[in-house]
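> Have a look at this one.
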Ligand SMILES: Nc1ncnc2c1ncn2[C@@H]1O[C@H](COP(=O)(O)OP(=O)(O)O)[C@@H](O)[C@H]1O
Ligand SMILES: CC(=O)OP(=O)(O)O
Ligand SMILES: [Mg+2]
């Protein structure tokens with residue numbers, strides 16, 4: 001892209017789902033003095049249908065709708081975003097950028113579950129992985145920082161925000177990742193359970209006299225750090241309470257960091273070692289204490305943090321000691337930039353589509 005500058009931003013913080021469409025439309029109307037070539041949308045689940053970003057058509061919207069059941073917290077809102085943009089900017093073409101696309105390079109040994117193969121063949125039940133734009137952005141930055149070309153690079157990207165996922169990157173491509181068919185799998189998150197013994201679902205169903213969907217809701221919204229601490233799903237609140245002596249908050253933090261630690265060990269083995277470990281997203285970028293807890297005990301594997309760089313510096317940087325064989329980096333993520341670059345790359349195609357549409361109508 002010739003220029004990568006942010007001209008204006010606006011955000012919507014925690015609002016009820018019923019108000020989401022209206023609020024998005026209002027935000028978009030606030031930008032109506034601008035002339036856009038494309039509007040790019042984050043879409044969390046694209047299944048196996050999308051290996052890269054794409055122009056939004058009716059078929060693309062049908063696919064996004066089809067995958068709602070695999071990403072119930074995200075895809076419905078992503079679609080509302082697209083439809084609101086179509087309303088406010090009817091002449092602008094829309095682009096969908098998928099969380100799952102980056103992970104389409106995983107081998108079957110990473111993405112298949114050990115269940116009858118026909119569930120994959122007939123129903124697409126497999127691991128898809130998420131946060132793809134974030135893992136891709138930080139990988140591209142790490143390539144620059146480490147001065148190792150993508151074709152040789154082995155990395156662990158730890159995206160630790162509200163959702164948490166780790167990606168094992170081999171030769172510049174996603175090789176394995178912690179989230180699964182849905183963003184509920186893998187690590188302990190703010191309110192999501194991550195991996196549990198699947199039999200627990202039927203036990204909770206009986207205890208709560210609930211439907212399966214009801215139990216999945218408990219695992220999505222009432223579990224993770226919130227469920228264990230009983231205080232909050234926001235790590236800042238839980239850390240404060242833990243420091244004040246709250247035992248369940250201390251336990252929640254220990255479980256949260258221990259699980260990330262275990263996954264790092266798992267993927268160090270899967271990749272036969274790595275060149276670097278990246279911390280990104282809300283918690284990964286902003287909590288030196290949690291980064292220390294996660295890395296502690298990996299000195300034997302070649303991970304040595306630099307206290308000063310980790311604790312007292314900010315922004316994109318190395319936080320490992322100069323002699324550390326594995327380099328540890330904090331890289332603030334930029335999913336929007338990846339989306340804008342993908343939209344820009346699609347511009348020739350977008351213009352062609354627009355001309356065809358004008359001829360037809
Ligand atoms: N200084 C901090 N210490 C610990 N956690 C933080 C800090 N700053 C932000 N966070 C956490 O980051 C989370 C948001 O991360 P973010 O990547 O923005 O989320 P999302 O997954 O919604 O994009 C918040 O829930 C909060 O727990
Ligand atoms: C896919 C996912 O979990 O996204 P987020 O972290 O934004 O909730
Ligand atoms: Mg995010």
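Every residue gets a Cβ built from N, Cα and C, even glycine.
Relevant sequence annotations retrieved from TrEMBL are reproduced here:
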{"type": "BINDING", "residues": "42", "note": "substrate binding site"}
{"type": "ACT_SITE", "residues": "99", "note": "active site, proton donor/acceptor"}
{"type": "SITE", "residues": "131", "note": "site 'Transition state stabilizer'"}
{"type": "BINDING", "residues": "159, 160, 161, 162, 163, 234, 235, 236, 282, 283, 284, 285, 286", "note": "ATP binding site"}
{"type": "SITE", "residues": "192", "note": "site 'Transition state stabilizer'"}
{"type": "BINDING", "residues": "335", "note": "Mg(2+) binding site"}
> Starting from residue 163 (ATP binding site), work out which of the recorded positions listed here (42, 99, 335) have their Cα within 10 Å, and give them in sequence order.
none
> Given the recorded positions 99, 335, which one is most crowded in terms of C-beta atoms within 10 angstroms?
99
> Could you state the CA-to-CA distance between the residue listed as 'Mg(2+) binding site' and residue 131 (site 'Transition state stabilizer') to the nearest Å?
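Between the alpha carbons of the residue listed as 'Mg(2+) binding site' and residue 131 (site 'Transition state stabilizer') there are 9 Å.
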> How big is the gap, in Å, between the Cα of residue 131 (site 'Transition state stabilizer') and that of residue 282 (ATP binding site), rounded to a whole number?
13
> To the nearest whole angstrom, state the Cα distance for the pair residue 282 (ATP binding site) and residue 192 (site 'Transition state stabilizer').
16
> If you count, for each of the recorded positions 42, 192, the other Cβ atoms lying within 10 Å of its Cβ, which residue has the minimum?
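So among 42, 192, the recorded positions given, the one with the fewest Cβ atoms within 10 Å is 42.
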> Taking a cut-off of under 6 Å between Cβ and any atom of ligand 2, tell me which of the recorded positions 42, 161, 192, 284 pass.
161
> Would you say which of the recorded positions 131, 163, 235, 282 has the most Cβ atoms within 10 Å of its own Cβ?
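Sorting the candidates by Cβ neighbours within 10 Å, the top entry is 131.
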